[in-house]
Structures are given as structure tokens and as C-alpha cells.
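Participant: To start, I am sharing the structure in question, which I have written as C-alpha cells.
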Amino acid sequence: MRTRRTAATVPRELTARSVALGLGVGMALTAAITYLALYSGVAISAAIPAAVLCTGIMRVAMRGATVLENNLAQTIASSGEALAVGIVFTMPALVLAGVRDDLSYWEITLVCAFGGILGVLFVIPLRRTLTLGSPELPFPESTAAAKIARAGSDGARSLAPMALAVLAGALFKALVSVVQVISGTVEAAVRVAGRVVYGGVDMSLALVGVGVIVGLEYSASMVLGSVLSWLVAIPLVAGPARGDLVGLAWDTWSTQVRYIGLGAMIVAALWSVVETRQVIGKGLRWAFAGLRQKADGRTRQDDVSPRGTAIAVAVTAVCTFLLMRVATGSDLVGLVSTVVVLVLVFVFTSVSGYTVGLIGNSNNPSSAFAICALLITALGFMALQLGRDAGLTAGVLFVAAFVCTASATAGDTAQHLKTGALLGASPRRQQIAQLAGVVVFTFVVAPIVVLLVQAYGLGTDQADALQAPQAVLFANLADMVFGTGAFPYPMLWTGAVAAVVIIAADTVLRRTGRSTRLYVMPVAIGMYLPLSLTVPMLAGALLPGVLRRLTRRRGARALEAANDRSTLLWSGLITGEALVGVGAAVPRWLGVDVPLVLLTSPILSLAVFCLVIVTVVHLSQREGPRRARTSRT
């Protein structure tokens, strides 16, 4: 017999302070991840930093807060990350493809809002199967977030060092981008056998932190790609080394060699679609099983009502059509694009939920889903013989943006619903909180993306330009499909062949049972990016090995604690640097010349950079103070 909960026994959950905390933490993390994804093409998960910050702040400043309030704050705080990923990977392609002269604040806002809302709504009917009826889905990141929420005292102890790391990251970035005492890039080029050989490293603690978080395989793959471009292709393509060698290397990369990376990214994108076919099939079978379970009547009134969900989907669909109609300039193209969006968003949100449950939200292949959407939409337009004008290019890019945003949001929603299930939270309140977070953070992502692109530039060869490799990929895919772009095809074919060789090598490694893998997309992205940007990531990826050696005599528990401290400190440094990167864009956007150069010393810059890294490693492996044991009475 079930006991009915009374108002006195139900823990507080959806409260003003939990919403305010989630929005405050989420704004900082969303701004940081938006900057990082545009700058480097890598977006890290906000789930664990959000869990630590929310848990620590509640423990310190909000006495009496419940674990459910904490969970709801985390749900809101990390919802902006998914929107940032969906927008950053796709919408800048409109400018790169020549469809728009500049990014539109309102277009980004509306795609962000409608795509995010659809991503949440399409997960709601699958919630019960997702969180309760699929024991084969371990939800690794949901389990970790639930543990942090329960262990409130650990979150409180982690808050102070993470806050100091945020301040340190902000100060370091200010010394690079506001008042330049530390050079943004330390680089040099030499003449070897009559050819130019370039080397460089960006003074970015955020990139080191990304390497710590994404791991050695991913970072090493990116550096391998950069080495192939900068130390192999550029010396061969540039010709005899004369004059300004650094300028020669950058000019050769900008005008020729980076298209090798683009060709490799196109093949890698198509291969990612092939690789996800089994996951898509399993995810769809799982989704339809969940819908049948709803139809059998085995549901509880724990979710947003089916009627409310259906009405919200219908209203969002109408709004999506109106946006598509204006964006493409055609009723027919707008209608076809809207139908494709609704069908593919349902398909890929289902697959996202399954994928997140299986391997975690950090591995949600939302960009692969968007590539599928772009190609399917383009084939549909061709089948209808709609021509090859700019409206069609806009149509396929908007569909890709919707699918990328919705699938990323669906994965985030699924992860938090599972965390809530582990903690005993109300699914309905979580769904409302997720929708509220989507709406609010829409107005955070859009202005930041527009500001950063206008202030720093997009895809140029300037040292501080935003590379946005995924957006470059989407723009060039659209150009190729509709034949509106001119490309150095020998370079593209060279990259395509290199990608095929990498895929073959990875297949051999996998089939021979080797633990080491050679993932083609990171290598391809590395081939497109500057070498100076990927080197700090490799340095960061090597740091866990350094910690392992420093703590090997203290046992596995000491190593685990050191890795946890390292991740928290680097997450703080990433956040601090990214926030100043966003802030420094404001004076540039206003026409103020920043940074104010006070000192240009490569040796000093490298020394300070290395000193900070060594300090973080030391703090990570240092044992914290022992806690006195307490007993409960």
C-alpha cells in the first residue's frame, strides 16, 4: 500500500532560490562554453561544473536547501550548454556560406528557442522508458551528478578552490587580451632544407583544461592532424622559404592547406553518419517501444500533460514554419523545411536519449545528426527540383541548426531526468525547469555569439580569430551540395584521401583489439586548426599521466582524488578565461583597440604559462586536510 505524501513531507524542489541559482550559474557556464566552442571547436559538458557550483553554493549560502532544490538548479544551469553547442556548430555557417552578411540576433534567438523547446518536448513521452524501463542504459554522467548532489559537503569543499581557479583564469586572460603582458601566441618559424617549418603555442589555460577533460586520445588525434598540416603539408606547398617565415606559414595555411583539413572533415562527417547508423536504429526501436508503453496505459501523471505537450509542439511547429518562410523567402521551401525539421527532430531526439543513456551526454553526436539532416534536406530539395538559390542554402543550414540544437537539448534533458529519477525528483517540475532554462538562455547565447563573431572575426588567419571548424564544415557542405562555392579541389581531395587512410588505420586498430584508437574527426579538425591551438590541448592531456606518477605510491584513492581536484581546477580556469574572452569582445565591438600592449616577451609568456600549469598540478596532487570524524545523535 502506497503512502500519500502530504505537503509537510514533500521536500522543497521548484523554489525561487533554486531557479535563481540555476540561472546565475548557467549564465556563466553558457557564456564560457559558447566562447570555447567558437574559439577551438571543442565544447565540454557543463554537467559536472554545474553540479559542483550549485552544490557548493547551496551548502555555503543557502542553509536548509534540499537535494531536490540542488538537482533542479543543476537542471537549469546546464541547459544553456546544449543551446550553445547547437547554435555555435551551425548558425555561423550562414555567414561563411555567404547567405548572410552578418549574423542576425533574432534568427539565432528563434532557432535557439524553438529548437530547444522541441528537444525537451519530444523527450517527455519517452521519459518513463528512458529513466525507469531501460536497465541496459547506465547513464554514467547522471549517476555522477546524483552522487555530487547527495554528497553536499564535498561540493562545499570544492567550491572555494574552483572559485579561486575562476579568478586565476580570468586574471591570466586579462593579462593576454585586455592589458597585454603575456603574448597571446608564442611562435617561430625556421628554414630547414630551404623550406619553412613553423611551431607555436597559444597562451591559453582554457585549451590546457580542455585537454585535461577530453583526454589523451582525442587531444593527440587533433595534434596529429595539425602536425600533418603544419609540419608536412605547409613545407611542401609553400615553396622556397623567403622573407617573413611566420607570415609565409600562415598565408600558406590560410589560402591552401586548411582546405586539406576541410576535405578530411567532409569525409569524417560522412563516416560519422555511417558509424551512427546502428545507434540510430537501436534508438528508434527503443523510442517506439516507449511510445507503445504509453499507449498501453502504464503511465503516471508525473509529466507535463500529453495535451499540453501536443499543444506546445503544434504552436512551436507553426512558429518554426513562419521563421523558415522568412529565412528562405519561399512558402514551399519553408513548408518542406518545417516538415523535415519535425520528423528529424523526433528521430534524433529519440536517438540522443538512447545515446546519452548508453555513453553519456559528452558523447552525444549532435553534429553528426545535423549533418544527416543537412544531406537529407538537400536531397529533398533536389528531388522537388527547387533549384540552387541562396534560399535553399539557408533552408538546409536552418534545418541543420534546428536538429543540432534539439538533439543536444534532448540529450541534456534525458540526462537530468535520469538524475532526478535517482534522487526522487518530480519529472514534471524538471521538465518545466528545463523549458524555462531553454527560454532564458536563448537570450544569453544569441547576443554572445553575435558579439564574439563581430568582435573577433570568423575563420580568418588572425591569431585571435574564432576558428569555428564545425560551422566551416556545414557552410562548405551546403556550398558543395548546391554548387555555389569555388574550392581548391586538389587540396580537398588530398584531405579526403588522408581521412580514408586514417579510417582504415583506425579500423585495423579496432579489429586487432588494440586499446589505442585513431578517430578521424579529431584528426580532421586538427588538420584544419592552427598548430598553436592544438598544442596546449596535448599538454593538458598529458597532465593526468603526470598526476598518476606523482601519486602512484599513495594508492588508487589518492589518484582518484587528485584527478577530481585537477578536473575542478581546470574547469574553473576554463570558465574564468572564457568569461574574460567574452568581456574583452565588448570594447573591440565598440571599436576600442584592445589589448593595450605593455610587454611582448615570448620567454616571460612561456615562463608564466608553465608556472601556472605546474602550480595547478601541485595543488591537484596535494593531499587536503583530514576531516575530523563526527557522529550523528
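All residue numbers here begin at 1 and follow the chain in the order shown.
Each residue, glycine too, has its Cβ placed from N, Cα and C.
Fair warning: this is a prediction, and the values are worked out from it, not measured in the lab.
Sequence annotations record features per position, and here TrEMBL assigns transmembrane segment to 105-124, 159-183, 195-216, 256-274, 308-327, 333-356, 368-386, 392-411, 432-453, 489-505, 525-547, 596-619 (among others).
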Participant: What stretch in 333-356, 432-453, 489-505 has the biggest tally of Cβ pairs under 8 Å against the transmembrane segment (392-411)?
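Facilitator: Between the stretches 333-356, 432-453, 489-505, 333-356 has the largest tally.
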Participant: Count the CB pairs under 8 A between the transmembrane segment (256-274) and each of 333-356, 525-547, 596-619, then give me the winner.
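Facilitator: Between the stretches 333-356, 525-547, 596-619, 525-547 has the largest tally.
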Participant: Given the transmembrane segment (159-183), which of the listed stretches 195-216, 432-453, 525-547 has the most Cβ pairs that are under 8 Å apart from it?
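Facilitator: So the stretch in question is 195-216.
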Participant: Select the range from 105-124, 195-216, 308-327, 525-547 that forms the most Cβ-Cβ pairs under 8 Å with the transmembrane segment (596-619).
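Facilitator: Maximum Cβ contact count belongs to 195-216.
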Participant: Sequence-remote contacts (6 or more beyond its ends) of the transmembrane segment (525-547), Cβ cut-off under 8 Å?
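Facilitator: Result: 40-42, 185-187, 198-202, 204, 207-216, 218-231, 253, 258, 260-262, 264-265, 463, 467, 469, 472, 495, 498, 559, 562-563, 566, 570, 613, 617, 620-621.
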Participant: Counting a contact as 3 or more Cβ pairs under 8 Å, with residues at least 6 apart in sequence, do the transmembrane segment (432-453) and the transmembrane segment (105-124) touch?
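Facilitator: The answer is yes, given that the two segments have at least 3 Cβ pairs within the 8 Å cut-off.
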Participant: Who are the long-range neighbours of the transmembrane segment (195-216) in its own chain, taking Cβ under 8 Å and residues 6 or more past its ends?
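Facilitator: For the transmembrane segment (195-216), the far contacts come to 36, 39-40, 42, 44, 169, 172-173, 176, 182-189, 230-231, 234-236, 238, 240-241, 245-246, 248-250, 252, 530-533, 535-545, 566-567, 570-571, 573-574, 577-578, 581, 605-606, 609, 612-613.
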